[in-house]
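Peer 1: According to TrEMBL, the feature transmembrane segment maps to 21-43, 55-72, 93-110, 130-155, 167-189, 195-216, 249-273, 285-304, 316-335, 341-363, 375-394, 406-425.
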Amino acid sequence: MNMPAISRAGSLTYNRSQLARLFLWLLTGSFGYCLLANVTTLISLSMKELGCSNSLMGVMLGSMPAAVNFIFNPWISTRSDRTRTAWGRRKPYLFIGMCLSAACILLLAWSPRLALRISGSAEEACHWQLGFLIVFSVGFQVCFLLIATTIYYLFVDVVPQAVLGRFMAFFNMCGSAVGIFFSFFLLKLSQSHMAWLYTGITAFFVVTMMILLLGVKEGEYAPVAPAVRERSPLEKARLYMRECFSIPFYFWIFFAMGVNGVSNICRSLFGLYFARDTLGLDLEVIGNINGFTSLLGFALAYPLGYLNDRFHPLRVFFWGGAAIVLVNLLSFFWISGLVTYAVSSVLLTVAYVVQLSAGLPLTAALFPHSKYGQFGSAQAIFCALMMILFNAAAGKLTDLFGSYRFLYAWDFVFTLLALAALGGCSSFGSNMEETIITWLRKAIRCNMQENPPPGHTLAEHREYLHEIVRLQLFFLHGYCREHPEETFRDVLEKRVDIYRKTDANPGPADPAECFFDREPWLSMREACEMLYRKHQDNREAFELEAFEVFRKSLDARCRRDWLDRSSLDGYQCGSLRHESALRENKVMFFHIANAVSPRSFLDDAEYLGGCFLRLLDIAVQQFGAERIATRSWLNSLPAWLAFFPAEYLNNRQPPNRDVRWYGSFWGQFINARGTFNSRYGQIMRRTGCFPYAPCYAECSIPAMRRHIVSVISTQGKHIK
């Protein structure tokens with residue numbers, strides 16, 4: 001396994017041996033996690049032995065856990081995101097889930113003996129046993145959700161991005177290895193040693209999970225923003241629903257994933273009984289077939305990780321789904337005995353493993369990275385709702401059909417529906433990154449309530465980062481020469497924002513906290529300062545060599561920032577955001593961002609006018625404001641000033657020449673598409689000055705409202 005010499009995940013830094021140990025602890029815990037997940041198969045057998053109907057099994061093993069997931073998953077996900085303890089933010093939930101899940105399984109394991117002790121007859125004991133089974137199985141599903149929800153977030157927090165794909169391949173191999181062991185050696189023990197089988201699995205799970213919890217160290221996280229903590233639960237829920245479910249593009253992703261999950265209901269509930277009761281195969285033969293297919297999945301896991309890197313996971317997911325549709329169609333009519341069942345099982349395993357390998361990479365590629373946990377829980381809600389609706393229906397329809405063979409028809413129909421929701425492979429171009437952006441543009445109308453995708457390619461974003469950092473190094477050299485009284489460190493960290501664009505910054509592009517006194521920033525800062533001392537009289541040489549200090553770190557963070565739209569978080573009025581409180585003299589201060597990239601908001605008078613009218617309404621109705629104000633380089637730009645009354649122009653203060661890292665200075669070097677504004681960059685290199693100096697301006701709300709209405713009505717769509 002080829003590991004990088006030094007790897008970073010947030011504030012954590014690993015060398016090769018430390019990274020290998022991290023993998024060892026995580027994969028050890030993963031073995032126990034995957035084995036405990038197989039307990040649902042044993043619970044299904046226990047329910048069948050007690051004579052439960054297919055409908056009841058569908059409700060208790062499908063609809064009930066899905067309902068629990070629907071209710072608790074968003075709360076657990078967002079709560080763990082905001083938890084700050086000495087043990088980390090994910091491990092406390094894993095520990096609590098481990099203890100409660102183990103207790104439920106142990107109580108379930110020995111509930112038959114407990115039922116015999118408290119009952120007076122065999123019939124009464126059977127009723128008690130069924131009651132215990134239902135209560136403890138549902139309790140297990142609730143408690144296990146704590147683990148299943150947070151363990152993947154722990155992976156993302158502690159495993160470096162550069163090796164996350166390889167780790168997930170190993171994780172899937174763990175799942176396959178556990179499936180092999182369970183099918184070949186454990187499943188047949190359920191006929192005679194069910195209680196001890198439950199107990200042994202639970203003990204193994206507790207031991208391996210404790211190894212993970214004690215061996216893995218979480219990093220340090222930025223404090224939770226006070227504004228987040230101060231929101232009421234209703235406000236948080238409203239914001240959550242609007243961000244996750246109001247955008248059609250994400251709705252169709254949730255729908256496709258939900259339907260795809262529904263397609264597997266009948267197979268998970270009744271696949272074993274189709275082989276045993278319909279085809280007449282005994283459990284040992286079934287276990288051997290399942291073990292072989294798990295072995296096949298194990299062998300395919302790592303190559304499929306490469307396949308997802310070589311091709312886009314959206315295409316891989318579609319290929320796997322298409323294969324599932326085809327094999328299910330053939331299996332419905334073709335399976336007649338052991339040989340045809342075994343062949344079908346192998347083909348379906350290959351198809352499912354292909355699709356499964358693309359699951360996590362697909363959501364990582366399509367969901368906003370800054371809110372991955374939030375959108376992941378939103379998808380879980382959507383999937384849980386669909387499972388609630390369709391689990392009982394699956395059992396009822398199977399009863400009406402009269403044969404477990406119905407599971408192939410069910411899988412065929414819902415997998416086909418999921419593929420239709422994704423649009424079909426023919427709609428995906430050769431460049432998948434470009435295709436996703438195009439698809440997003442078609443799916444999302446970029447209005448003031450929605451965040452559009454990046455309007456530029458990944459390569460263009462990398463070029464922008466390189467050019468803006470080169471320009472800032474050019475500025476830094478000149479500024480240090482002209483202001484020897486300032487330290488190099490202060491200029492680097494307070495007047496340019498290079499730090500925020502490197503992977504030394506563990507947070508979003510505009511983090512709440514900067515860790516200037518930690519590696520790797522310390523080393524980069526020291527190397528850059530040494531180059532300044534060396535090339536104090538050679539600006540070009542300094543820029544060239546200092547850029548190489550930061551290049552690798554910029555490239556490591558590039559993709560995350562390209563997909564990250566958190567810079568638009570909190571923009572209540574499209575491209576405008578008001579502050580949470582008034583300033584002196586009842587002034588509402590607002591901030592500006594281009595929420596319609598790759599278009600410019602300055603080109604659409606109706607759009608920007610609508611943003612301003614909404615801002616004015618909120619300022620007056622919710623805050624009682626009388627004036628609005630902002631400080632920006634745009635206050636020197638004629639196209640922007642055309643949206644304001646004469647009062648605003650007359651109240652402009654002198655330009656601010658005290659350069660800071662803020663967007664009010666450096667934002668002018670980003671064009672509407674989000675790429676580097678080379679024309680402005682050339683002006684700075686030629687003159688040594690910013691093309692537009694930021695300044696403060698304000699005006700009364702009535703004057704602004706009258707002027708905006710006039711602009712919209714007289715100038716129409718375009719202002720040049």
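Cβ coordinates are placed from backbone N, Cα and C, and glycine is handled just like the others.
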Peer 1: Run the contact check on the transmembrane segment (130-155) against the transmembrane segment (316-335): 3 or more C-beta pairs under 8 Å, excluding pairs closer than 6 in sequence.
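Peer 2: In this chain the transmembrane segment (130-155) does not contact the transmembrane segment (316-335) - fewer than 3 Cβ pairs sit under 8 Å.
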Peer 1: Mind pulling out the one from 167-189, 195-216, 316-335, 375-394 with the most Cβ pairs under 8 angstroms to the transmembrane segment (285-304)?
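Peer 2: It is 167-189 that shares the most Cβ pairs under 8 Å with the transmembrane segment (285-304).
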Peer 1: Name the range, of those listed as 21-43, 195-216, 316-335, 341-363, 406-425, that has the largest tally of Cβ pairs under 8 Å with the transmembrane segment (93-110).
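Peer 2: That would be 195-216.
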Peer 1: Grab the same-chain neighbours of the transmembrane segment (375-394) for me: Cβ-Cβ under 8 Å, and only residues 6 or more beyond its ends, written as numbers and ranges.
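Peer 2: For the transmembrane segment (375-394), the sequence-distant neighbours (Cβ-Cβ under 8 Å, at least 6 residues beyond its ends) are 55, 58-59, 61-63, 65-67, 69-70, 73-74, 76-78, 149, 152, 240, 244-245, 250, 253-255, 257-259, 261-262, 265-266, 269, 363, 367-368, 410.
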Peer 1: For the transmembrane segment (341-363) and the transmembrane segment (316-335), decide whether they are in contact, meaning at least 3 CB pairs lie under 8 A, counting pairs 6 or more apart in sequence.
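Peer 2: Counting Cβ pairs under 8 Å, at least 3, so yes.
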Peer 1: Checking distant contacts: for the transmembrane segment (406-425), what same-chain residues at least six beyond its ends satisfy Cβ-Cβ under 8 A?
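Peer 2: Same-chain contacts beyond the ends: 252, 255-257, 259-260, 262-267, 270-271, 274, 314-315, 317-319, 321-322, 324-325, 328-329, 331-332, 335, 394, 397-398, 439.
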Peer 1: Counting only residues 6+ away from its ends, which parts of the chain sit with a Cβ under 8 Å from the transmembrane segment (195-216)?
Peer 2: 21-22, 24-26, 28-33, 35-36, 38-39, 42, 91, 94-95, 98, 101-102, 105-106, 108-110, 112-113, 147, 154, 158, 186, 189
